Amino acid sequence: MSLGLLESQLRLKVFGRLQVIRQHLRMTNHTVKDGECLLTKAGCAGVITLNRPKALNALNLGMIRLIYPQLGLWEEDPETYLVIIKGVGGKAFCAGGDIRAVTDAGKAGDRLAQDFFREEYILNNAIGTYKKPYVALIDGITMGGGVGLSVHGHFRVASENTLFAMPETAIGLFPDVGGGYFLPRLPGKLGLYLALTGFRLKGSDVQKAGIATHFVESEKIPSLEQDLVAMKCPSKENVADVLDSYHNKSYAAQDKPFVLAEHLDKINSLFSASSVEAIIENLRCDGSSFALKQLQTLSTMSPTSLKITFRQLKEGSSMSLQEVLTMEYRLSQACMKGYDFYEGVRAVLIDKNQNAKWNPELLEEVTDDYIDSYFTSLGNSDLKL
């Protein structure tokens, strides 16, 4: 072998090793810290435990990259019959995505702003199309990304500790993770109301709204989990029977009327308008204390987010989950290039002074052409499911 050829091969080896190191460094910037997401096998079940209690189990990219492939392995494993996902810490199932990290990445032009949304939505789709029973124990705060980890699965078990909301219009975003799919499929205009106002549902109301499938008292959830993992080769029907049994014993919560029951007629009529502006006008004309409260709430939200969200749910009502997630990825990337998302995060999560200065500031300044741009195809960069 000539000296020149040997030197050439050595350079190639060194270059290849440097490429591997660079790739590793890029990946470890967003990998999961030890123990942030635990993946275990218990009896017949694969168990996902979100383990960031100090961050209210907020979902980061590293956790997504652990959960997604493991779901695929369990789906093909003949010894795994169901999947259970839960959070630790006593306060939250999952309070959302790691918005701070996404915000910083968006400002810096880091590809995390693309990767996070793309891989999160791919995970949402995997949950929504999962072949085996998927049980989310949403015993605590469940917002944003936490909704995406639960609502598309077969079973969602709420407790008195559950706090559900999709508050994205307050931070210049939109109710993503498939919100355009499940929200317009709630009864009447309830989903649109929740999406625009960010109204919070608690406890058994989460089940009454149709977001959770079952309600079980928090103290009984460990026993429920034990009964689920102890089953022998359970079918989806067997899992449902166990969940139904626990739910049916929770009479106290079922006896309470739905928190929005007295307002549903107004919600269905006032929010059935053909535009956000028309909804605002309906609320003004109604003049009831309920309507005036909604006006006050909507006045604090990003006008751009309100219009994006209205169209998102309107179009999503006739789309498949895959089509919705593709649409939402386009919206996410448009928001990353805009202004309101960063301003909303500053006002709500960083400075916490709630005084966001939206741009455009008024609903009438948000043109149809501007909203159209948010829904434009990304071509080769579109989400592929």
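Every residue, even glycine, has its Cβ placed from backbone N, Cα and C.
Quick caveat, the model's predicted, so the values are computed rather than measured.
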Site co-member for substrate according to Swiss-Prot, given Glu120, Gly145, Glu168, out of Asp139, Asp176:
Asp176
Residues near Glu120 (substrate binding site) in space but at least six apart in sequence (CB under 8 A)
Leu59, Ile64, Gly97, Gly145, Gly148, Val177
Are there any residues in the same chain, six or more apart in sequence, whose C-beta is under 8 angstroms from the C-beta of Asp176 (substrate binding site), and if so which?
Phe117, Tyr121, Gly144, Gly148, Glu168, Glu328, Leu331, Ser332
Starting from the Cβ centroid of Glu120, Gly145, Glu168, Asp176, which together make up the recorded substrate site, report each further residue of the same chain whose Cβ lies within 8 Å of that point, ordered by sequence.
Gly96, Gly97, Phe117, Gly144, Val147, Gly148, Leu173, Pro175, Val177, Gly179, Ser332
Counting across all protein chains present, how many other Cβ atoms fall within 10 Å of the Cβ of Glu168 (substrate binding site)?
27
Recorded substrate site residues Glu120, Gly145, Glu168, Asp176, farthest C-alpha pair in Å
16
